[in-house]
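As given in TrEMBL:
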- B:25-250: domain 'MacB-like periplasmic core' (DOMAIN)
- B:290-401: domain 'ABC3 transporter permease C-terminal' (DOMAIN)
- B:21-43: transmembrane segment (TRANSMEM)
- B:282-308: transmembrane segment (TRANSMEM)
- B:329-352: transmembrane segment (TRANSMEM)
- B:372-394: transmembrane segment (TRANSMEM)
């Protein structure tokens with residue numbers, strides 16, 4: 001599904017070169033739920049940006065769903081993001097002036113789907129996260145946990161091959177975090193590959209595999225851990 | 001794959017954040033109202049200024065000769081002056097004339113086709129000229145014939161009767177005899193002043209009256225008369241390119257030929273036109289400046305609002321990019337948003353434009369607006385809006401998708 005080999009990312013200014021990722025190698029199989037942890041500045045977000053085609057990389061190989069992404073232009077990268085990747089952000093990134101329905105609709109419109117198809121998908125995905133009855137509400141009228149559920153619905157609506165979650169519970173209290181984590185596990189169990197960046201070891205333990213990143217390198221690729229359930 | 005224009009979401013988002021959009025729409029409406037009416041007035045004024053007088057303006061000048069002293073014999077001095085002027089190298093022809101076309105001052109009379117105090121006459125400007133008038137003014141006789149020397153009579157200062165023949169412009173002929181071909185007006189009798197009969201001997205293609213604001217501007221009549229006045233005016237037509245040189249030369253020659261007079265008001269038809277239409281050209285300049293200013297302010301308003309929106313929505317734009325929006329999709333979003341604001345302004349502006357024009361028609365005798373000015377104005381406003389929004393939209397499209405994952 002996702003294969004990075006000896007990937008490096010260098011940020012250059014006139015005075016200094018910063019190696020955000022060095023010889024970064026990671027392989028994620030279809031259906032896996034992988035967490036990426038590490039201290040601040042370790043390169044987690046850079047990894048996430050590159051994995052999600054939000055940024056380019058300096059050298060190495062990155063294959064997403066069998067496609068080498070290095071040579072893709074901006075339009076092709078946008079299309080790949082839209083069709084294959086679902087994003088879940090730490091601060092939800094919902095559009096405040098749009099109601100839940102229109103928020104979930106955003107990526108579907110960029111795919112050029114018909115209104116009928118979009119409507120069905122929006123309703124289904126909001127149903128899946130338990131917010132179908134609030135689709136006309138604005139994000140500000142929801143709790144943080146509910147907003148993150150909307151963001152998950154938005155990510156799921158496009159039926160992506162894998163989800164990239166950036167600290168998905170970072171802005172939530174423990175109860176809401178558990179609820180969101182449970183939802184992600186449900187989604188994973190339905191076959192969606194998930195890669196989650198987090199600083200929380202407790203969340204990482206609930207995934208199938210944890211990848212520890214330090215100084216831009218994968219330091220420890222832990223053995224699969226037993227999948228924890230929300231109730232545990 | 002179909003293009004999904006985000007009309008609905010944009011409209012709903014704007015309705016939740018409407019103050020800025022409404023202000024810009026209002027500004028567009030006011031700009032549209034003013035520029036359409038201003039353009040209409042400019043076009044009208046330009047058309048007025050573009051009317052031809054019928055005279056060879058570029059090569060014509062005139063002057064006033066005022067004799068003084070008991071020995072001054074106007075008739076002989078005028079004859080001598082005209083002989084001298086017509087014999088000057090570079091002069092095509094010269095004529096004594098009572099008024100200058102489009103100059104603002106002259107004579108007018110009323111012509112009738114029947115006698116009787118209860119018959120309304122048709123106003124016309126009246127020029128006194130001799131048989132050289134047609135050539136000096138560069139007129140075209142399109143029917144009948146020019147005066148001969150024997151037609152010309154001497155008019156005294158207090159004389160009120162009229163010569164028996166006249167030439168009139170085609171426009172006047174067609175107004176006097178609407179059911180007759182202008183050429184057939186030659187030989188007909190019209191009545192002037194105290195029901196004095198005058199026979200039309202020639203039709204002139206075009207000659208304007210002295211008053212540019214007069215609704216009978218195209219009505220002119222030439223009568224064959226030499227004026228026995230101590231103060232008189234000569235109109236001189238020169239060969240192309242000779243006018244300016246001859247103005248100074250003629251002034252000196254006439255002053256030297258008979259010292260007991262004053263030569264004054266030496267001026268060109270070009271300068272006369274400029275002076276007569278100065279109010280119109282000033283109006284055009286002011287309206288153009290107002291239009292440019294309003295369009296600039298509106299464009300800057302749109303640039304400001306869009307730039308503000310782009311800055312405010314940077315994170316949102318980054319998120320849209322992360323979710324699959326291409327750069328053109330981001331540009332399209334802002335262009336469409338602007339188009340919707342413009343549309344609101346245009347709808348309001350169309351109503352205001354018609355309202356203002358109706359007010360101008362009612363209170364200032366303005367002509368009613370032609371329908372095509374409104375779609376033309378809409379096109380201009382949309383173009384201004386889209387051009388103004390293009391810069392900020394292009395900047396928005398440069399927002400990196402990675403911005404979506406930044407927390408600050």
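Cβ atoms here come from the backbone N, Cα and C positions, even for glycine.
TrEMBL labels come from automatic prediction, so no person has curated them.
Highest Cβ pair count under 8 Å relative to the transmembrane segment (B:329-352), across stretches B:21-43, B:282-308, B:372-394: B:21-43. Applying DSSP to the domain 'ABC3 transporter permease C-terminal' (B:290-401) sorts its residues as follows: 96 helix, 0 strand, 16 coil.
Only residues 6 or more beyond the boundaries of the transmembrane segment (B:21-43), in the same chain, are considered here, and those with a CB under 8 A from a CB of the stretch are 14, 283-284, 287-288, 290-291, 294-295, 297-298, 301-302, 305, 341-342, 344-346, 348-350, 352-353, 355-357, 360, 366-367, 369-370, 373-374, 376-378, 380-381, 385.
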